[in-house]
């Protein structure tokens, strides 16, 4: 009988093989993500290995949670419960995954991040600088841990499990606070972005509205880098003194800046004119050199970040414009000959007509459908968060995962495991997508193939920090079935060890309504406008609305920037503008308004709209100025005609006022009065005004009366507004 029962007992060999293959696939995906953001050949191993595990371990939790649910559920038919493992194997997997993630989140990644961000040259100095930078962070962490330990000792009564439970519960609570806030924002932002992006013209308008902001940040990053390069150039010219102690260090900084020796820098020009400020201290110290190195590296990565964002915006604008223009010809071609074309564009498998049908008709409907489905999924997640502590039987996610119920217990099959994995992936995507939209310090960002090392460590630590709270929070949606899992026995009992931890786990997720309402109704922008904040904490999506800034010229300004960049007129426009400004400044201030009007007026023609095959290769030295709204006002004041479709309300009102004055007949008695009245200086007049120094032309039929000259009008009938 013993041999018969042993031979008929189920074996998890098939599930173990599936789990190993799934872990191998997760490893490949993690490597591809690293390759997308980092150059694998030149990136040091101390960065690749921790960041790889910081991505691989959270992804493995998406696999472990469904396996744990199926392994712990009661089932009469063992073959119907999907992928399952032995309880001992699950416990070992959870311990390894949790404690490695915990170590990476709180110790390894923060220290390595500051180590890579340090400006010192020697590894020992880098380590000491990293520990000093993290000292305040660890003081806050250990102080909170001590307070929590005292509370657990008072509530629990003895010390056997108090230390471990305090550490795990506090780490979970802090991660849950961050996860709920970020996930609440992402649950609204992802469906809204998909639904808004279904409108091709609206997507193009959103790209144009975002162009001035990105371009301005790129210009600021370039100016900041130029200032630091000026400091390095000045430092390299200083001979003797304390600089001689760091000569090798200075040479490394010069090589890092890539300054041409033959080209005079801005510092030398300013020094030759006597206007250069003293940017270097008298005594150069090691701390100053380290801080200068840190700032220079950050500035180079910031410039690379915004240049990459600008080029990506140009590619999106060209592609979206090509889709919009294909409505007339029913043919779409993105230009496979362009060096910036992707793999699928260079190896086209679709005809121009089928590509037009795909991008103009199929993709918008698909985006709308997917956005609606994800919006419903977001509503189900929010509803499950609200009712899980009061009415767990009303949770929608519970019934979508557990299909076979036996009283209060249920059975999770293979379909339920797949659905559970999809729910977890969407929750993680909502939280992790919001991380990239948060305006964080130091300008951290993920840049394709050029992400800064400190930014890679920081984003990896956030992924590791959010994985455990999101996984356990999802399991609480399933009612009492999650109490039978190994994960609950390992972590959940310690969280529910005290009444405060139990109520926090059940009630705090209800605060997900705060970030959801803030994102849904644009409260971030309203709070910023009310209190005058200069920087958004998080992007609430109002910038994607092309009609939110109507009348300010923001999207028109972006359209002009994109058109001039794609048509290669940036350098020409900038050179002509500088030449005209030099001629105007050379006339002198005291020469009066007549000399200024004698200067040729710079008329910048409107660039033609770029086609789908417009070049995208641009250099940082050939970019247009971003203040096109000021140029438009200046053109209007000089009488340059603009496109009527580009006029806002005030421009249209000014033009109508000008036309009304031009066409009205001035009475003879009013002309006589105007001849005898002297225009004040504050209105642009001079002492010779009205004394016959300038001839008045009243018989040429253009109705050029003195009344219009009071408003700055010229002989051509223009009125200065």
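Backbone N, Cα and C atoms are what each Cβ position is placed from, and that goes for glycine too.
For reference, TrEMBL has these:
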COMPBIAS  615-630  compositional bias 'Polar residues'
REGION    603-647  region 'Disordered'
REGION    675-721  region 'Disordered'
TRANSMEM  17-38  transmembrane segment
TRANSMEM  45-67  transmembrane segment
TRANSMEM  96-116  transmembrane segment
TRANSMEM  137-157  transmembrane segment
TRANSMEM  169-190  transmembrane segment
TRANSMEM  365-384  transmembrane segment
TRANSMEM  414-435  transmembrane segment
TRANSMEM  456-483  transmembrane segment
TRANSMEM  503-524  transmembrane segment
(request) State the non-local partners of the transmembrane segment (45-67) in its own chain: residues 6+ outside its ends, Cβ under 8 Å from one of its Cβ atoms. (result) 15, 19, 22-23, 26-27, 29-31, 33-34, 38, 82-85, 90, 93-94, 97, 100-101, 104, 108-109, 112, 116, 412, 416-418, 420-421, 424-425, 428, 453, 456-457, 460-461, 463-464, 466-468, 471, 474-475, 487
(request) Go through 96-116, 365-384, 414-435 and flag the stretch with the largest number of C-beta pairs under 8 Å relative to the transmembrane segment (169-190). (result) 414-435
(message) Please identify the stretch among 17-38, 96-116, 137-157, 414-435, 456-483 with the greatest number of Cβ pairs below 8 Å relative to the transmembrane segment (503-524).
(response) 456-483
(request) Report, as numbers and ranges, every residue of the chain located at least six residues beyond the transmembrane segment (137-157) whose Cβ falls under 8 Å of a Cβ in that stretch; write 'none' if there are none. (result) 106, 110, 163, 165-167, 169-170, 497-500
(request) Kindly say whether the transmembrane segment (96-116) and the transmembrane segment (414-435) touch, using the definition of 3 or more Cβ pairs under 8 Å where each pair is 6 or more positions apart. (result) no
(request) Grab the same-chain neighbours of the transmembrane segment (414-435) for me: Cβ-Cβ under 8 Å, and only residues 6 or more beyond its ends, written as numbers and ranges. (result) 58, 61-63, 65-67, 69-70, 82-83, 179, 182-183, 185-187, 189-190, 374, 377-378, 381, 397, 400-403, 459, 462-463, 466-467, 470-471, 473-474, 538
